[in-house]
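Feature list (source: TrEMBL):
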TRANSMEM  29-48  transmembrane segment
TRANSMEM  98-118  transmembrane segment
TRANSMEM  138-156  transmembrane segment
TRANSMEM  163-183  transmembrane segment
TRANSMEM  189-213  transmembrane segment
TRANSMEM  225-247  transmembrane segment
TRANSMEM  253-277  transmembrane segment
Amino acid sequence: MDVLTSLINYGIGTRAKNHPDGLAPWKGISLFLGSLTIVLSVITYFVFGTPREARWLTAEEKRIAQARVVKSQTGSDIEKRPWKWDQVATTFRDPQTYFLFFLVIINSIPNGGTTSFGNLVYVSFGFTALDTIVKGKIPQQLLSIVWFLVAGYITLKKPGLRFYIMMFSVIPAFAGMLALALLPHDGMLWTRWGCYFITIIGNVAGPLIWTLVPSNIAGRTKKSVTGTVLFIAYCTGNCIGAQVFRAQDAPRYIPAIIVCSTMYGLEFVVMVAWRYYYVWQNARRDRLVAAMGMTPEESLHQGSLNAESDMTDVENVHFRYSY
C-alpha cells in the first residue's frame, strides 16, 4: 500500500509541477490520502470484529475461531461481556501495561519524525522533492515489505522468536541513524543513503509490539483498557516525533537524527527487560502449578475454563505469556 500511494503521490506531484496553475500538490495529496482513509475506515468498520461479530464467517468458522481464543486462554467470545471495573484496576497494576505504554511511545517517536519529515533527510542528500519518492521512499518501502514478510514467516513458524526479531530489527535502525549523524555532510552520498535506507527495518518492531496485546492480555475489559492506553501512547509518541525535526536544524537535522537513534537504542533495552519479565513470570507460574500437583494437561484445561469465565492473565495462574 505504501509503495502504491507513493507512486500516486509522485504522479500528483509531477502533474502539479507541469501545471503550476492547477491544484497545489499538497492539496492533491491530502485529498487523495484523506479519501483513501475514509474509504478504508468504512470497510474496516463493517468487515472486522470479534469472531462472534464477523459477518463473513459461517457458523462453523465462528465456533472454530472462538475455540482458538479459548485455547489461547485470552478470553471467550461466546457472549458479550459486561464492563468490569476490577479489570480496569488490574490493568494499571500490571507491569505489562507500562512496558507496552513506554515501548510504544519510544517506538513512535522516530516513526512520527520520519513519517512526517523523512523526505527532508533525502533532500539533505541533494535529491529533489520528487526524487525523494523514487530514490528514497519507494526503495525503503520495498525493503520494509520484504522484511515484514520474513519476520512474519519466522514468527509464524517459531512464535518464541518474536522478541528476538523485534530486537534484531532495531539494531540496523539504531546503527543507520547514528552513522547518519556522524558522517560528513559533503560527499559519501550513497553511503548516507544506505545508512538511512536500512533504518526502515526498525519499523517491524511496532506491529510486533501490538501483537503482544491479543497474545498476552486476557479479560475483555482489560484488553479494551490496554488498547486505549496503547492508542494514547502511539499518538503521544508520533506527536513528539514530529516536533524533533526543527527548521533551525536544517538541512541535516542532526539533533533529530540523534533523538531517533537514541530511541532505537532505548527500545532495545526495554525489549530485553520486558522479555526477561515474561520468562520470570512463566517460570514462577510453573512452580506454582507444580506445587498444586497438577499435570500440564490439567493446568491447560483449567486455564481454558478460567479464560471462559473472563479471568485476566494476572489472575489466571495457568496462563503462560508468549514471547
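The first residue you see is number 1, and the count goes up from there.
Just so you know, glycine gets a Cβ as well, placed from its N, Cα and C.
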Listed stretch, out of 29-48, 98-118, 138-156, 225-247, that has the most CB pairs under 8 angstroms to the transmembrane segment (253-277): 98-118
Distant-in-sequence neighbours of the transmembrane segment (189-213), which means Cβ under 8 A and at least six residues beyond its ends: 100, 103-104, 107-108, 110-111, 114, 121-122, 125-126, 135-136, 139-141, 143-144, 147-148, 151, 155, 162, 165-166, 169-170, 172-177, 179-180, 183, 223, 226-227, 230, 260, 264, 267, 271, 322-323
Stretch of maximal Cβ-Cβ contact with the transmembrane segment (138-156) [cut-off: under 8 Å; candidates 98-118, 163-183, 225-247]: 163-183
Distal contacts, the transmembrane segment (225-247) - CB-CB under 8 A, six or more residues away: 87-88, 91, 96-97, 100-102, 104-117, 120, 210, 213, 217, 253, 255-256, 259-260
